[in-house]
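Taken from TrEMBL as is:
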TRANSMEM  35-63  transmembrane segment
TRANSMEM  75-94  transmembrane segment
TRANSMEM  100-117  transmembrane segment
TRANSMEM  129-154  transmembrane segment
TRANSMEM  195-216  transmembrane segment
TRANSMEM  228-246  transmembrane segment
Amino acid sequence: MTAAVLAAMCAAVIAGAALQRISGMGLGLVVAPSLTLLVGPAVGVTLSNVVAVVTAVLVLVAMRGDVDWRRWGRLAPLVVVGSCVGAAAVGAFREAWLDVVVGSSVLLAMAASAVLARRRRLDGPGAGVAAGLAAGFMNTTSGVAAPAMTAYALATRWEQRSFAATLQPVYLAANATSLLVKASSGAVPLGALPSVWVCGLVVAAAPVGVVLGRVLAARVPATAARRLAVGVAAAGGALACLRGLLAL
């Protein structure tokens with residue numbers, strides 16, 4: 001691995017962690033597509049899962065007072081089930097198909113978010129079930145749970161501050177489950193991961209991003225940070241999808 005690739009990986013983690021501290025989301029949207037392009041989908045998404053666990057814990061400490069634990073309790077089991085299904089998909093698909101899954105799932109979920117933002121409120125358990133399963137599946141296969149959760153928040157008119165805070169334990173459950181299932185099933189062999197020191201540097205970039213996000217939170221509107229995260233995710237998703245299609 002070249003120094004330029006390592007620097008790009010750390011920069012993506014810092015940017016994603018900062019965005020997550022500002023708006024409650026953004027790490028997966030930035031890091032998963034970026035690392036997929038730099039080191040491939042299986043390894044890139046797995047590293048994104050590791051970084052997401054660290055970032056979620058750090059941001060949760062800062063936002064714990066606004067977490068809706070009752071709603072989290074309903075979503076978490078569904079996220080776990082979706083993660084198990086996603087791990088099976090990771091082990092079954094070729095790398096080119098994983099690129100397509102990563103890219104297309106990001107783009108489709110963001111499109112769904114935009115459509116749901118213009119529709120009337122959805123009530124009932126169906127939206128929560130779909131969101132939890134989709135978030136778990138997408139988080140394991142593509143490292144991105146936020147679009148599915150954002151679509152659910154828009155459909156149910158979930159208050160932004162509570163939504164952003166509750167996302168953190170959702171991310172923690174989703175990414176921890178993804179890592180456990182991948183490790184136990186052998187979907188991503190440990191030998192495929194970069195060296196320990198490379199992984200350590202990439203993970204260490206997360207607290208740097210969280211601190212940076214705390215400084216910027218008072219200066220950068222959350223809506224602006226979210227638009228940037230969505231823009232980066234769209235570009236990364238499109239490029240990953242294109243790379244996979246060209247490799248088929």
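A Cβ is built for glycine as well, from the same backbone N, Cα and C atoms used for every other residue.
Same-chain residues lying 6+ beyond the ends of the transmembrane segment (75-94) with a Cβ under 8 Å from its Cβ atoms: 42, 45, 101, 128-129, 131-141, 145, 169-170, 173-174, 177-178, 181-182, 185-188. Packing against the transmembrane segment (195-216) from elsewhere in the chain are residues 1, 6, 9-11, 13-22, 27, 47, 50-51, 54-55, 58-59, 62, 225: each is 6 or more residues past its ends and has a CB under 8 Å from a CB in it.
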